[in-house]
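Colleague: The structure that follows is given in the form of structure tokens.
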Amino acid sequence: MGNCQTSSSRPKSTDIRISLPAVCIVWQTAMIILFGVFVRYNDETDAHWGEHMRQKNITSHVENDFYYRYPSFQDVHVMIFVGFGFLMTFLKRYSFGGVGFNFLIAAFGIQWALLMQGWFHSLDPVDGTIKIGVENMINADFCVAGCLIAYGACLGKVSPVQLMVMTLFGVTLFAVEEYIILNLIHAKDAGGSMTIHTFGGYYGLVISWILYRPYLHQSKRFQGSVYHSDLFAMIGTLFLWMFWPSFNSAIANHGDGQHRAALNTYLCLAASVLTTFAISSLSKKGGKLDMVHVQNATLAGGVAMGTAAEFMITPYGSLIVGFCCGILSTFGYLVLSPLMEKHLKIQDTCGIHNLHAMPGFLGGVVGAITAATASESVYGREGLVNTFNFVGEFANRTVNKQGAHQAAGLCVALLFGLGGGALVGGILKLPIWGDPEDENCFDDETYWEVR
Amino acid sequence: MGNCQTSSSRPKSTDIRISLPAVCIVWQTAMIILFGVFVRYNDETDAHWGEHMRQKNITSHVENDFYYRYPSFQDVHVMIFVGFGFLMTFLKRYSFGGVGFNFLIAAFGIQWALLMQGWFHSLDPVDGTIKIGVENMINADFCVAGCLIAYGACLGKVSPVQLMVMTLFGVTLFAVEEYIILNLIHAKDAGGSMTIHTFGGYYGLVISWILYRPYLHQSKRFQGSVYHSDLFAMIGTLFLWMFWPSFNSAIANHGDGQHRAALNTYLCLAASVLTTFAISSLSKKGGKLDMVHVQNATLAGGVAMGTAAEFMITPYGSLIVGFCCGILSTFGYLVLSPLMEKHLKIQDTCGIHNLHAMPGFLGGVVGAITAATASESVYGREGLVNTFNFVGEFANRTVNKQGAHQAAGLCVALLFGLGGGALVGGILKLPIWGDPEDENCFDDETYWEVR
Amino acid sequence: MGNCQTSSSRPKSTDIRISLPAVCIVWQTAMIILFGVFVRYNDETDAHWGEHMRQKNITSHVENDFYYRYPSFQDVHVMIFVGFGFLMTFLKRYSFGGVGFNFLIAAFGIQWALLMQGWFHSLDPVDGTIKIGVENMINADFCVAGCLIAYGACLGKVSPVQLMVMTLFGVTLFAVEEYIILNLIHAKDAGGSMTIHTFGGYYGLVISWILYRPYLHQSKRFQGSVYHSDLFAMIGTLFLWMFWPSFNSAIANHGDGQHRAALNTYLCLAASVLTTFAISSLSKKGGKLDMVHVQNATLAGGVAMGTAAEFMITPYGSLIVGFCCGILSTFGYLVLSPLMEKHLKIQDTCGIHNLHAMPGFLGGVVGAITAATASESVYGREGLVNTFNFVGEFANRTVNKQGAHQAAGLCVALLFGLGGGALVGGILKLPIWGDPEDENCFDDETYWEVR
């Protein structure tokens, strides 16, 4: 299999027969213990719900949050497991790793996220336990999305043990930055342009930069797609695209909040598709389209609408954002990715810079501008208070100040992504994780029994 | 690649590097401008919803139409993008075009449909703007379905620019015929047997007839499926089949209307499956089944239940319709399609005549009969008024008259399909659209970078 | 094609050109007649719903059960047709049969189940008709799941006619055992660990045992998967995994019941994934993972949570169940399946013993323990009564007694599976059903036109 000395200074073992089972069993056991100590049903999942209804004068079961959010949760769940999973099957011989490791780390991540986010957001002050229900399930899926984005940059180049470590730290960092952005800074980010996409994108890019592989071209035979692997990837693309309105509206306010977030996202995504096809066709001889663009850049509109979807951005405002994102993201695949690999030494397998990092950052900016330009005439006094949650200690915040805080939140997400990526990248560089040689990247044979 | 003179009188260029980007960018820009001028949030998506609730004495957010219709919307959305998209991946080398162009034209079509349908149905008389919410999103998806059906007849033989033109006109024609059928004639058609399937089916068939390709056999090497392309198509089939109850119930009346429409469609589709398998097996030596039938004819029951699903057609009535449709549609694939190609010069790639046009027409007839035989004893006075919306100027309409109007609606759909197809087919025959030579049809190489 | 004498004592014909159409047409006709005689809309699907609302003082359409259960129904529907269907596409040359026959028998089974379950559960005492709505649709899908599990054991070795017979009897047996378990014994089993998985699993295993094929190794060339067939199977796996929370909560009590069932299942499944990956990696040289385990054992947590999901099993209790199931099920694939084939002569194509029978049985045990240890301090008096439906003749039942009855229910499910399998296996052994020779098993050529 070639000369090891040319490809890497150290011979590597990809044997994970001890490390992967150990990580899975030990961490799952830890989850059970921590859940036993900390996690309980909340009012709406507990069998005391009937008494709770009477105390709160709730007259119908339909007021249980389950009925407001569970359909959206299921859509989000599909995005996480089928959407991200199948989007990463596009490589000709790394489809098992794409969908399989995505499955593994998401299943671990949601458990750890329930704990981490629970400590920050759902802690019962009386008994010190975390009370969970459907909203926590959605938030856990969201949190994991950040880690799956980061996986996209490293696809085919890391071991499953590394991915587990990346997820452990990713979820932890996410919970902290989310707490700072949403609670301390009081920025709004229902669809996570900042907390999920900006953070996750830069987190993954920095890790990929630190794990730079100078001889990656030696596994060139496994790079790229084949006809049917591109079709499998389209399954991922379409489920992400179709359910993104649910993603951005899943934890928005009941009523008009969820309704508006879904509508804005729907429009933004539609516009992204047209400009993606336009730029893709324009860039190639004969106007031929590139599946990579269709699979990815069409989704950029959903990313960029993650902060502003619940705001009164207007239908045409949503279209404008989508219009720009399709162009920007396709341009990224055409121009920026090659440049980044050549000059910045960032090998970004799935192009998450173009699909998540840039559009996420743009979404944060759009959110700040939309917030800063909000007005009582557009929202109504009550609508303004509800949308931006100007209550309690934030009752006197102005929209201008809110805009500034949105921008501050974006910076926090960016810094956590960069800093967290540097930290975790350093850890993952240790020669103990079973990652493959440069010449064996993108090959399922490494970690799977392939028939 | 053979002698051009034998295949076509004019040498063709399939270069769409200018035309496709131009169409996408210009039309998307036009959408933004028109949305800016015309489209606004409706009461239920606007931040003033809280005030609106108080004015209307609505006590719970769950009364926002979002919670009645959004789960159905998402199912419809999956049908449009994954259902239609993957159903069209069955060809061995045109799967990119099937799912990719479906994606492009649906994303354009929903925007244009929001405008066109908005002008006819959701225009605010006070300020002249279109007010949109989740029901508009569903209707836009429905409208696009008509164009995607038409694409099925032309699959593999047209350029993406032609498809965009076909969608532009298709949506426009749809909005007009829908307005005539639903508003002027006051026919009921919640699942669109008439407005969507009959119109879309004949629209596509006439276009395909006008674009007849005498030398299509020269691309025979690309016709037909391979093992895995048939499996990709089954993804489309199953998502269409499973979610058709949501399609037919998505815009039905709240309460029993949606509930009954879903149940009737569920039953009808189940019966279609059995008769499809029966006829398919009966038609081949050894009783071998044909994937084409399973992929398509099993869906005919959903098409034919599009008008009557919300009526009291009874559970066994639904089964009878499904029983007939499975037979009729499979028979169409076996007998009618070859005849139509040979004698009528209609090359119908996906067999939309068998899946949409015929069952849609049948569905219109079933709807007319079911309406004409409705009675107060079955519906109750109130149920009859609600189901057929016998209010306002239609308060005195009898069920017999309603039946006649249903039949009139069906004729309108048919005429719009035939006439619209002739018009648009003529336009698409112009030698400027970049469509392929007869010998290069059904080949993704023409418009895609294939690795 | 080899020497018939060595493979089987009787030459077989796989011609189903008469038998399959006959079965489909006759049975479908019977369904129409029986539906005509027996099946009517229930209060919530009937056009008299408006009057019903007034009589019952229901003030909002949202109280129609459609809005509580339809989103869950659609998820269940996806599990039945795409989940089970695509999970069975993993064989390299039997994918058509996997997804296609699954489609056929499920479409028949839901009709027959509506009748059978209707006679036992939804019979109107006044007029002797069956009144149906969305809950019946869910239950019909559930009932069919039992038969599809049984199909998994026989995949590739039976004819579609045999499958129809297996479904006819399977649904019948299911309805009876379900009535005994839920109504007479008054055990709770919302997600069907006992009624669906234990019954369906042993039903299929016994049939497979009776239909033992000594020369099955002669079709070895068709056994096992190829790269892309494993990816198609992952579509099935993921949709089952993602929507299992909906499966276990679909017919649970409104409010906290559905909410808690979804949450518990979500947690249990996540834990299953980690232990499945752990054991799979541990079992192979170099720690390589096996797709068979990932496709199947990850789902065992959902099966085992079928009874206890709606109970107050606690979040960490759910994780423990999932932890054990992932290990148990993977262990089954590694150790038990080969032993069962060798020593017990049970050829279990999909390994349903590991995915359904064992975890289902375990789920029944978990349910019995959880019920027996329930207490008023945990549930509240009202919660206890609601969760276990301690009303009417069961008002005085203690939790200990409930636990014993749960265990009794499990025994009934097991006995029906074993006994029913023996009966139906005997019928299916008759040489009239068109099943393939041992050397032609697992080959789509037998029953499909393969291009």
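Cβ atoms are placed via backbone N, Cα and C, with glycine included.
Below are the features I grabbed from TrEMBL:
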type: DOMAIN; residues: A:63-445; note: domain 'Ammonium transporter AmtB-like'
type: TRANSMEM; residues: A:20-39; note: transmembrane segment
type: TRANSMEM; residues: A:76-94; note: transmembrane segment
type: TRANSMEM; residues: A:101-120; note: transmembrane segment
type: TRANSMEM; residues: A:132-151; note: transmembrane segment
type: TRANSMEM; residues: A:163-182; note: transmembrane segment
type: TRANSMEM; residues: A:194-212; note: transmembrane segment
type: TRANSMEM; residues: A:224-244; note: transmembrane segment
type: TRANSMEM; residues: A:264-282; note: transmembrane segment
type: TRANSMEM; residues: A:319-336; note: transmembrane segment
type: TRANSMEM; residues: A:407-428; note: transmembrane segment
Colleague: Any residues 6+ beyond the ends of the transmembrane segment (A:163-182) with a Cβ under 8 Å from its own?
Modeller: 20, 23-24, 27, 101, 104-105, 108-109, 112-113, 116-117, 119-121, 143-144, 146-147, 150-151, 154, 188-189, 194-196, 199-200, 203, 207, 409, 412-413, 416, 420, 423-424, 427-428, 433
Colleague: Considering only the recorded stretches A:76-94, A:101-120, A:224-244, A:264-282, state which has the highest number of Cβ pairs under 8 Å to the transmembrane segment (A:132-151).
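Modeller: That would be A:101-120.
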Colleague: Are the transmembrane segment (A:76-94) and the transmembrane segment (A:224-244) near each other by the rule of at least 3 C-beta pairs under 8 angstroms (pairs 6 or more apart)?
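Modeller: Yes, the stretches contact each other.
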Colleague: May I ask you to check whether the transmembrane segment (A:407-428) and the transmembrane segment (A:101-120) make contact, with contact taken as at least three Cβ pairs under 8 Å and only pairs 6 or more apart in sequence counted?
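Modeller: These two segments do not touch.
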Colleague: Go through the chain and flag residues at least 6 beyond the ends of the transmembrane segment (A:194-212) whose CB is under 8 A from any CB in it; none is fine as an answer.
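Modeller: Those are 142-143, 145-154, 157-158, 166, 170, 173-174, 177-178, 181-182, 187, 303, 306-307, 344-349, 352-353, 356-361, 363-364, 367, 409-410, 412-414, 416-418, 420-422, 424-426, 428-429, 435, in sequence order.
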Colleague: If you average pLDDT over the domain 'Ammonium transporter AmtB-like' (A:63-445), what do you get?
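Modeller: Mean pLDDT across the domain 'Ammonium transporter AmtB-like' (A:63-445) comes out at 96.
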